[in-house]
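Okay, structure first, notes after.
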Amino acid sequence: MSKETFQRNKPHINIGTIGHVDHGKTTLTAAITRALSAEGLANFCDYSSIDNTPEEKARGITINASHVEYETPNRHYAHVDCPGHADYVKNMITGAAQMDGAILVVSATDGAMPQTKEHILLARQVGVPYIVVFLNKIDMISQEDAELVDLVEMELSELLEEKGYKGCPIIRGSALKALEGDASYVEKIRELMQAVDDNIPTPEREIDKPFLMPIEDVFSISGRGTVVTGRIERGVVKVGDKVQIVGLRDTRESIVTGVEMFRKELPEGQAGENVGLLLRGIGKNDVERGMVICQPNSVKSHTQFKGAVYILQKEEGGRHKPFFTGYRPQFFFRTTDVTGIVNLPEGTEMVMPGDNVEIDVQLISPVALEEGMRFAIREGGRTIGAGTISKIIA
């Protein structure tokens with residue numbers, strides 16, 4: 001049987017379900033595939049096939065996450081659903097599945113619960129830009145309790161707005177009833193997907209952003225100069241472009257005099273491609289792995305930031321003991337690792353394996369950093385945690 005080719009005829013969006021345990025995230029994921037399969041836009045995935053999730057690895061951390069794909073008339077979606085709370089935390093922090101938006105599932109009978117709040121905060125810290133709310137289990141609410149649902153909606157809107165998510169649409173429904181095929185509730189799933197289509201914009205393609213390439217290696221070609229190689233993270237680079245070399249030392253400027261891929265010369269290199277760039281006036285000792293080459297003034301190097309981090313448990317190959325303020329592990333960004341000194345937030349004595357916490361980090365060398373960027377924390381050659389930069393300080 002031949003493999004189907006991926007048809008790139010609709011914009012592609014990555015989304016995920018988030019929310020408190022047992023509020024119906026996986027049931028909703030199954031209900032979406034059921035509702036859309038009726039229109040030939042998805043293959044129906046039942047609850048057990050989603051719940052029986054494969055493991056994936058991101059930055060050395062094992063995450064249980066299930067990926068389902070489906071389409072609406074306008075778009076193609078990849079949807080991630082995780083079974084355990086810790087898996088959500090790890091998935092969001094490591095960016096194993098980068099989300100362009102999320103569906104927050106809240107049970108109408110419970111309202112916002114601790115993990116609801118934690119997932120909203122995490123979504124904000126790791127840069128999930130948009131949220132659509134599905135108020136689930138509405139079939140369990142009696143007529144006389146109907147106004148309680150209005151209160152739950154108000155509380156949710158306030159909670160979301162507090163974290164910077166203003167005006168999120170809230171769709172009421174029942175994932176279980178929709179999964180069972182109840183027509184009026186299936187309609188609510190269609191309404192939800194319409195809200196997702198309308199309220200989660202198609203992200204800017206990486207190719208339209210300012211050029212950036214982390215340097216992986218440096219070569220000297222006699223008579224031609226210095227070549228740096230790496231995978232272009234975003235944007236486009238052309239022969240003749242002015243570029244900056246940022247990180248580890250003072251920022252320098254240069255001009256790209258050649259772009260090569262697989263030993264062939266190209267007029268330009270684009271996001272996702274592995275290329276070699278020939279740089280004018282730069283010696284082999286002026287550049288090193290871990291610096292980045294970028295469009296001038298698009299990125300700066302920094303030494304201090306706040307990060308939302310998840311620290312691995314012992315069973316996940318992490319530390320066996322807690323750490324305290326003053327801890328000095330390696331922080332791994334793109335192609336470089338730099339020692340950093342950790343400061344814990346006020347009122348936090350120590351961080352235990354398995355915790356997720358916001359820390360303040362002072363790096364011993366400057367690195368090209370941006371908010372929303374992912375990093376790994378390593379000690380003695382093994383990953384002990386992962387994080388996302390939530391704020392740059394200096």
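Backbone N, Cα and C define each Cβ position, glycine as well.
As annotated in Swiss-Prot, region 'G1' covers the listed stretch 19-26 rather than the other ranges in 3-10, 19-26, 51-58, 283-290.
All protein chains considered, the CB of Asp22 (GTP binding site) has 13 other CB atoms within 10 Å.
Sequence-distant contacts of the region 'G3' (81-84), counting only residues of its own chain at least 6 positions beyond either end whose CB sits under 8 Å from a CB of the stretch, comprise 16-17, 25-26, 29, 50-51, 53, 63-66, 68, 91. Look at the Cβ of each of the binding-site residues Thr26, His85 and count the other Cβ atoms within 10 Å; the largest number goes with Thr26. Sequence-distant contacts of Lys25 (GTP binding site), defined by Cβ-Cβ distance under 8 angstroms and a gap of at least six in the same chain, are Thr17, Ile18, Gly19, Asp81, Val105.
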